[in-house]
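A.B. asks: Checked TrEMBL, it gives:
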DOMAIN    60-165  domain 'THUMP'
BINDING   Leu183, Leu184, His208, Phe209, Arg266, Gly288, Gln297  ATP binding site
REGION    389-410  region 'Disordered'
Amino acid sequence: MIYDQIVLRYGDLIMKGRNRNQFEKRMHRQVKNALTPFKGVTYWKTFGRLYVKLNGQPYEPIADRLKDLFGIISLSPVISSESELEAIRATAMTLMNSLKTPPKTFKVSVKRAWKGFPHQSQQMNHLVGAHILRAFPELSVDVRNPEVELKVDIQAEATYLFCEVIPAAGGFPFGSNGKAMLLLSGGIDSPVAGWLALRKGLELEAVHFHSYPFTSEQAKDKVVALAKRLSYFSGAPLKLHLVPFTEIQTTLAQAGQDNLIITLMRRAMLRITEGLAAKSGALGIVTGESLGQVASQTLPSMNVIGRAAQLPMLKPLIMMDKSEIIAMAEKIGTFQTSILPYEDCCTLFLPKSPSTNPNIRIVENVEAGIANLDTMIEDAINGTEHMFLSPRKTSSAQSTESSSEEDEWF
Ligand code: ATP
Ligand code: MG
């Protein structure tokens, strides 16, 4: 194991960003949480970057974990050297000797960030390159399309050498763009929407509506598993609200407006979500809707459904095709869980022909005709169970008060 550190790059985002300090703080917190399982691994920060000290650990599992964090553009395992010509040359040799498949072509790219270093970048390319060529007579330089690009980053405190640049998830660090509620159904789409929202730096609380005992315990387990997976990406626990929806659903099903059931249900879901959002301080509602996918996702349907909510609706998948969403679900590791067969509350009362063009006045009339709808919505909010999920541990809480577990992380 030749590498001693991993460098994490934020890109220019951090330089231009509104609140650089905040961004960096959140990033450090994320990295710290993600590194907890790797004993002995530490990190240190410098201007616009973060270095993880491997202290003898193999870099692969650590890089694998860190590349999934948001706000990081790319990362590289590096060998550090003293910022001095002969030391850099010797380290470059170590790196070239460590390559599993010896390349036929290479190039050296030196970046002299520390202007106190006596040789200029271009000169250094030659000084290091010539040294390597002497040791590997079969190797040649190809500046356009080399098999290996040996990068040398000369900083004041040390020089870092590496060949590999691993792309990371990008986006903003967890929580840097505020908090929103994620409507998490257990289907394919909403976990992907959640991942995209997290990537944009949104802190999420997930809301799931169940119609127990019509929906099974397994259906709930599935949502818990998906929420856990999302918490892996944020590197922080995710609060999951489990809303009892049976009473409202059965009442709406008896309203005698079969083709409007889904519209009515969705509107009730949004009202409940807003009630929960008010307690959490969330300022948006994220859903996995995609234009035209089902009857409730036509523009006229979304218009009527959306009017039940005051908060902005965030729909990351709205313009995506199903095949693109599935590919993303596979990439983030939620697909296999999402396709487990357990019933969702909305499929229970699925009408034969759900309206694709509901009429807002009729919908409002039906709602006005259900005497205790407001009370039922209030009851659902008050009867909601809360869980804190993380990839490592799970805890239940009866109230929306912040749990001590949250404090442990932040
Ligand atoms: P998904 O794959 O996310 O379930 P879908 O294509 O099946 O989406 P719908 O079932 O119409 O579409 O749901 C649209 C959106 O409404 C979902 O993406 C999700 O955000 C929300 N939603 C639906 N059912 C529930 C539920 N039981 N609990 C929480 N949110 C839900
Ligand atoms: Mg669904």
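The backbone N, Cα and C atoms fix where each Cβ goes, and this holds for glycine too.
What you are looking at is a predicted structure, and each value in this text was computed from that prediction instead of being measured.
Help me picture where these features are in the structure shown.
C.D. replies: When pLDDT is averaged over the domain 'THUMP' (60-165), the result is 96.
Long-range Cβ proximity for Leu184 (ATP binding site), meaning a same-chain Cβ under 8 A and a gap of 6 or more residues, is found for Ser190, Pro191, Gly194, Ala206, Val207, His208, Val223, Leu226, Ala227, Leu240. DSSP assigns Leu184 (ATP binding site) to coil, not to a helix or a strand.
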A.B. asks: According to DSSP, does Gln297 (ATP binding site) sit in a helix, a strand, or coil?
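C.D. replies: The residue in question, Gln297 (ATP binding site), is helix (DSSP, three-state).
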A.B. asks: Between all pairs in Leu183, Leu184, His208, Phe209, Arg266, Gly288, Gln297 (listed as ATP binders), what's the biggest Cα distance, rounded to the nearest Å?
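C.D. replies: Result: 19 Å between the two most distant Cα atoms.
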A.B. asks: Let me know how many other Cβ atoms fall within 10 Å of the Cβ of Arg266 (ATP binding site).
C.D. replies: 25
A.B. asks: As a quick check of your reading of DSSP, tell me how many residues in the domain 'THUMP' (60-165) are helical, how many are strand and how many are coil.
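C.D. replies: Across the domain 'THUMP' (60-165), DSSP assigns the residues as follows: 36 helix, 29 strand, 41 coil.
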A.B. asks: How would DSSP class Gly288 (ATP binding site) in three states?
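C.D. replies: Gly288 (ATP binding site) sits in coil per DSSP, no helix or strand.
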